[in-house]
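According to TrEMBL, the protein has these features:
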- B:21-41: transmembrane segment (TRANSMEM)
- B:47-68: transmembrane segment (TRANSMEM)
- B:75-93: transmembrane segment (TRANSMEM)
- B:99-118: transmembrane segment (TRANSMEM)
- B:130-151: transmembrane segment (TRANSMEM)
- B:178-197: transmembrane segment (TRANSMEM)
- B:228-248: transmembrane segment (TRANSMEM)
- B:260-277: transmembrane segment (TRANSMEM)
- B:282-301: transmembrane segment (TRANSMEM)
- B:307-326: transmembrane segment (TRANSMEM)
Amino acid sequence: MPTRTHQSAAGRVNTRIDNTVRTWMSHIHVDRGIGRMLVLLVIAFALFAVLNPRVFMNPLNLQNIMVSAPEVGILAIAMTLAMLTGGIDLSLVSIANLTAITISTMYTGLVASDPALAESLGGVIVLVGVAVGVLAGLINAFLISTVGITPILATLATMQIFNGIAIVWTGGKTLYGAPQALSAVGKSTVAGVPVLFLLFLVVAIMIGLLVNRTPFGRKTQLQGANPTAARFSGIQSASVLYGTYLTTGLLGGLAGVLFITRNPTASADYGTSYVLLVIVIAVLGGTNPMGGFATVTGVVLATLVLQVVQSGFNAIRLSSYEYSIAQGVILIGVMVFDQLRFRRRSRYVASTQTRNIASMSNVGEDAEEAPDTAGADAVETK
Amino acid sequence: MTLAKRMKSLAPRLIGANNEGVLAVIIVVLVIVMSVLSPSFFTVHTLFSIVRSALVPSILAIAVLLVIISGGIDVSFAAIAIFAAYTTVHLAYTGQFDPGIIGILLFACAIGAVLGLVNGAVIARFRLPTLIVTLATQGIFRGILLVYIGSRYIAQLPDSMAGLSTANLIAIESSRSYLPLLVVPVAVIVLIVAWMLRRTMFGRGIYAIGGDTEAARRAGFPVMRFQIILYMMVGAIAAIGGLIHVILNRNANPQDIVGTELDVIAAVVLGGASIFGGRGSVLGTVLGVVLVQLINNSLLLMGVPTAWQRAAVGILLVVGVGIQALSARRASRRTFVLDTVEA
């Protein structure tokens with residue numbers, strides 16, 4: 001931008017203020033996403049606390065919310081990662097079930113021959129289960145990145161395949177049995193806070209750091225915001241997609257471990273209602289389904305909001321179908337709200353762009369300070 | 001024109017714009033292989049039972065095809081289908097009256113169109129991702145149906161519907177093979193939609209929107225209005241699919257159909273419709289449905305447990321879409337090379 005050096009002082013101040021204001025605006029936007037969820041959380045909590053305080057404010061109920069939030073929350077964070085690159089991962093719940101089934105099968109198999117060995121190998125069994133999740137993620141990554149299938153269809157198909165394998169494996173029955181150590185972790189608390197919830201926070205912080213503080217995170221954001229621009233700026237979309245879907249597979253596997261930690265059973269059709277729920281949480285938490293924008297904090301808060309709403313619906317005796325209506329309405333409402341706000345914002349950006357171009361080509365400023373007439377001519381002829 | 005040249009010009013027409021020819025060849029090969037493997041396969045009985053099982057998926061697939069051509073993807077059609085059909089039967093049952101098959105059809109289509117309008121209005125007005133919107137409306141429609149309308153299985157259909165369920169177009173008593181009369185309305189709808197897509201401005205508009213929405217807008221198509229009409233039409237077609245399902249099963253179960261979305265979408269995509277919009281044909285879709293039903297039927301005959309069917313459809317989808325994606329990638333690479341040569 002050669003003309004910038006020739007700008008008048010007023011023009012420079014103008015540009016600088018403009019940039020500062022726009023940076024502020026972008027911060028306010030993020031904060032509003034998180035702030036909105038905080039407000040919703042408080043409102044939802046207060047509403048159900050007033051409607052049925054005896055059931056809802058019971059410490060057991062509150063602990064239940066904190067125990068059930070992690071499995072949904074980790075799946076939602078995985079979904080957020082996929083959406084960040086402009087994709088989606090519908091196979092997450094199937095991956096989690098496959099992991100849970102692997103753990104349960106291996107454990108019950110070992111217990112039959114040697115119970116003591118089965119207990120001591122608990123950690124290995126869990127690792128193998130998580131590895132199954134990562135392998136499933138690798139299959140997704142291969143189909144999406146190497147073969148080039150759209151994420152929706154690829155994961156719709158793998159969801160069906162993983163689910164089919166799980167049905168064949170279990171014969172459609174529920175498996176019982178999990179390493180005792182897992183159940184012990186599932187029941188333990190630190191200062192009244194369930195360990196599972198603390199684990200969830202650790203995972204959330206790690207993924208948050210991955211997205212916001214690492215080159216990989218920056219690349220996923222660029223890839224989602226504009227794949228073509230990402231390609232021309234030298235980002236290897238293949239490695240970004242592989243990294244993303246391997247991570248979602250890993251998180252799916254972790255969610256599977258949580259399934260079996262909370263309840264020592266595994267089946268092919270556990271948590272089928274989570275597919276919609278997890279998308280709702282991701283979008284509610286401020287993730288742009290078109291890609292490029294997401295906050296893990298928002299997703300964690302959205303998870304809590306929906307868990308509070310669900311447990312509140314239970315407390316005031318509404319059915320799970322009414323909860324699914326509420327989910328759908330909330331999802332569409334938030335997307336419509338975001339879309340309306342996004343349109344306003346894009347109009348704002350468009351106007352600042354015209355102003356920037358105007359200031360760069362010194363339109364309306366002192367013409368004598370613009371010796372670069374060729375550039376000014378080019379702008380004028382456009 | 002030499003024979004070789006004529007063959008060359010004939011080949012693309014036989015293959016078809018959306019690989020319909022390839023699909024037909026796969027179906028023929030599969031039928032031959034199955035007939036060799038199991039003598040009981042190549043009978044009129046099998047043919048009729050495959051046609052019967054393909055009726056509802058065909059109608060639903062036609063509805064999904066319209067959405068996919070326009071560049072979207074719909075997962076709420078199954079919820080709309082059962083919502084419309086169950087509500088109609090439920091009203092007739094609780095009110096103890098029978099408006100006749102035409103009345104039932106119109107009522108169900110009206111409900112389907114209203115639900116479709118909800119989808120269309122949200123998608124067209126706010127330009128939101130169709131998958132997520134329809135996932136949300138699927139939850140809403142299903143929830144409303146089960147909470148406010150009814151969750152009970154109704155075994156007694158109105159007489160006009162019950163009568164249709166036993167009506168056959170062709171009945172061969174000796175081999176107990178029956179071709180239901182409902183083949184006729186399904187064929188009529190398939191032909192009407194095929195005609196609409198090829199011959200009307202609305203049909204061209206759907207392809208244009210799917211190809212490039214902005215280009216369609218600038219070419220003068222009223223995009224928003226077309227999208228809303230499209231989703232209403234899809235809702236009405238899905239409602240007919242739901243009615244046919246209820247009639248064939250001779251009962252109305254509000255838990256039915258939901259869960260078969262993937263089989264239908266897989267059939268449409270196998271039939272050559274591009275998930276990015278702008279491409280797809282009715283013939284290909286029907287062939288895709290037939291292929292999925294044929295494979296389900298063959299697996300059953302070969303003694304493969306039904307549990308594998310789910311995985312089989314998933315694998316079929318991966319293979320079908322994978323070939324499409326790889327060939328699209330190769331085509332784009334070819335254009336790229338040509339460009340550099342010319343430059």
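Glycine is no exception: its Cβ is also placed from the backbone N, Cα and C atoms.
Through the fold, the transmembrane segment (B:47-68) approaches residues 74, 77-78, 81, 130, 170, 177-180, 182-183, 186, 189-190, 193, 197, 206, 210, 230-231, 233-234, 237-238, 240-241, 244-245, 248, 257, 260, 263-265, 267-269, 271, 273-275, 277, 280, 282, 285-286, 288-290, 292-294, 296-297 of its own chain, all at least 6 residues removed from its boundaries and within a Cβ separation under 8 Å. Ranked by the number of CB pairs under 8 Å to the transmembrane segment (B:178-197), the listed stretches B:75-93, B:99-118, B:228-248, B:260-277 are led by B:228-248. Between the transmembrane segment (B:307-326) and the stretches B:75-93, B:228-248, B:260-277, Cβ pairs under 8 Å are most numerous for B:260-277.
Residues 52, 55-56, 59-60, 62-64, 66-67, 70, 74, 77-78, 80-86, 88-89, 104-105, 108-117, 119-121, 123-124, 157, 161, 164-165, 180, 182, 185-186, 189, 193, 202, 206, 256-257 of the same chain lie 6+ residues outside the transmembrane segment (B:228-248) yet bring a C-beta within less than 8 angstroms of a C-beta in it.
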